[in-house]
Amino acid sequence: MADVRVRPDVQARPALTSPYPPVPSGPRPSRRTLADRLHSAVLRIDAATPAGRDRAVDVLRALAISGVVLGHWLVSAVVLQAGGHLGGDSPLHHMPAFTPVSWLLQPLAVFFLVGGRVGAHSYTAARRRGQGYRGWLAGRMRRLLRPAVPMVTVWGLVLLGLAVAGVAHETVHTLMWLAFSPLWFFGVYVVLTAATPLVCRYPGRVAVGAAVLVAALDLARALTGAAGWTETVRQANDVAGWLVPYALGAWWAAGGFVRRRYAAGMLAGGVLATVALVVWGGYPASMVGVPGQALSNLNPPTLAAVCFGLAQCGAALLLAAPLRRLVGQPGGGGPAIPAAEALRARPGQFVWAAVALLNLSAITVFLWHQTAMLTTTLVSLGLGAHLFALHTSPDTPLWPLARLGWCLLFALVLAGFLAAFRDWERGVRAGRSG
């Protein structure tokens, strides 16, 4: 049988290969929406948080910072005076019924309670790594003071320019006082941080001793009147008054306050002592300074402020467990939530993400929040505006309500400063060795 041969010109040609990838036969994956990205970011923040981190501490710090910021924005007014200069004022001076706001928005004791706990943990961890006191303290000071450099520089140039331009010295003084008022915290915190080893060793004794010193200096003032030497010596309360919650925080870090009855007793005792001192001891009811008052509970801290702070610390300790549950504190090892894009973040995880982001820039927020308020006030005034609750006297009940609206604008301006200067704080965190 003869072979059948196919001529070369009629052989089958290979199929052409398409330069394009094959089209999948299944359904096309949908694009990720903005909500999907938001949920994914929240889940990443949650999963990146160490399982052993006490999230309640971060929540308490965030609440304290938020309270300080909102409190300052509500009770610190910059008023255009008849002479054309700016002066400071407060709604508490005109409306004593507004005083309870100072009880809610003066959470400094909680801030120092958290500071004591964090400082004690940091010092203990440094010792375990073999790091000496000087190296540890230098690292803490860099973390604390570096974010203040741009703020001091900017305001130094602004105030110098205003003085050269011949702006009224009353205006310059008002702006300087309000802008630099957050810096008092740094002086006190530096001293307390430097004393952390002693505080860690004797937290209970230090807290009691500091409270006794505040009481003794207040008693000296009551017996001698507002004499010059008495007021000078009472400035020691700036450290002693805040040393009390700082030492309680160190005690908390060492395992104190395990039983809730201790915190409940602190809350009840602090409230009763504060009420007694205000009603029968002649202390002001406001827990912040009020223009025109002979005595301020805050500058320096009085015994009433210390007792009020004890109540706040007791409340914070009682809230710690519920706050952990709120933000999804993991009960064991490993990440709290598996990193799966198909999952949706829970409300508590959104809360934790907001808390974590605020804590990353807590010092920057604290430093620049008054500048945000002053910037809004000055820019609008420079544009020729004279706006209610922004430039007017805080002497009507509508003023605080309108001020809440302005606080939203202050927050937007603060976000701008945060975007510009947060790297000064985050750079310190990134550069830390542990």
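Cβ coordinates are placed from backbone N, Cα and C, and glycine is handled just like the others.
TrEMBL lists 1-10 with the feature compositional bias 'Basic and acidic residues'.
If you look up TrEMBL, you'll see 1-31 marked as region 'Disordered'.
What TrEMBL lists as domain 'Acyltransferase 3' is 56-417.
The transmembrane segment annotation in TrEMBL covers 62-83 (among others).
Tertiary neighbourhood of the transmembrane segment (103-123): same-chain residues 57, 60-61, 63-65, 67-68, 70-71, 74-75, 136, 140, 189, 192-193, 196-197, 199-200, 203, 242, 244-254, 287-288, 298, 308-310, 312-313, 316, selected by CB-CB distance under 8 Å and a gap of 6+ residues from either end. Taken from TrEMBL, the feature transmembrane segment covers 103-123 (among others).
Annotated transmembrane segment per TrEMBL: 144-168 (among others), in sequence order. Long-range contacts of the transmembrane segment (144-168) within its own chain (CB-CB distance under 8 A, at least 6 residues past either end) are made by residues 83-86, 175-176, 179-180, 183, 186, 189-190, 193, 363-364, 367-368, 371, 421, 424-425, 427-428.
Marked as transmembrane segment by TrEMBL: 174-194 (among others).
Residues or ranges marked as transmembrane segment by TrEMBL: 206-227 (among others). Within the chain carrying the transmembrane segment (206-227), a Cβ under 8 angstroms from the stretch's Cβ atoms is held by residues 198-199, 233-234, 236-237, 240-241, 243-244, 247-248, 250-251, 282, 294, 301-303, 306, all 6 or more beyond its ends.
The transmembrane segment annotation in TrEMBL covers 239-258 (among others).
TrEMBL lists 265-283 (among others) with the feature transmembrane segment.
Among residues of the same chain six or more beyond the transmembrane segment (303-321), those with a C-beta under 8 A of the stretch's C-beta atoms are 54, 56-57, 60, 103, 107-110, 112-114, 211, 214-215, 218, 241, 244-245, 248, 252, 257, 260, 262-271, 273-274, 277-278, 281, 283-284, 287, 297. Look at TrEMBL and you will find 303-321 (among others) tagged as transmembrane segment.
According to TrEMBL, the transmembrane segment annotation covers 350-369 (among others). If you look at the transmembrane segment (350-369), the same-chain residues 6 or more away from its ends with a CB under 8 A from one of its CBs are 41-42, 45-46, 49, 55, 58-59, 61-62, 65-66, 68-69, 72-73, 144, 147-148, 151, 182-183, 185, 326-328, 410, 414, 417-418, 421-422, 424-426, 429.
Per TrEMBL, the feature transmembrane segment maps to 401-421 (among others).
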Recorded stretch that, among 62-83, 174-194, 239-258, 265-283, has the most CB pairs under 8 Å to the transmembrane segment (401-421):
62-83
Remote residues contacting the transmembrane segment (265-283) - C-beta distance under 8 A, at least 6 residues beyond either end:
222, 295, 297, 302-304, 307-315, 317-318
Same-chain residues at least 6 beyond the ends of the transmembrane segment (239-258) whose Cβ lies under 8 Å from its Cβ atoms:
108-110, 112-121, 124, 188, 191-192, 195-196, 199-200, 203-204, 206-207, 210-211, 213-214, 217, 300-302, 305-306, 309-310, 312-313, 317
List, by number or range, the same-chain residues at least 6 past the transmembrane segment (62-83) whose CB is under 8 A from its CB atoms?
89-92, 101-102, 104-108, 110-111, 114, 168, 170, 174, 178, 181, 288, 354-355, 358-359, 362, 365-366, 369-370, 373-374, 377, 381, 386, 391-394, 399-400, 403-404, 406-407, 410, 414
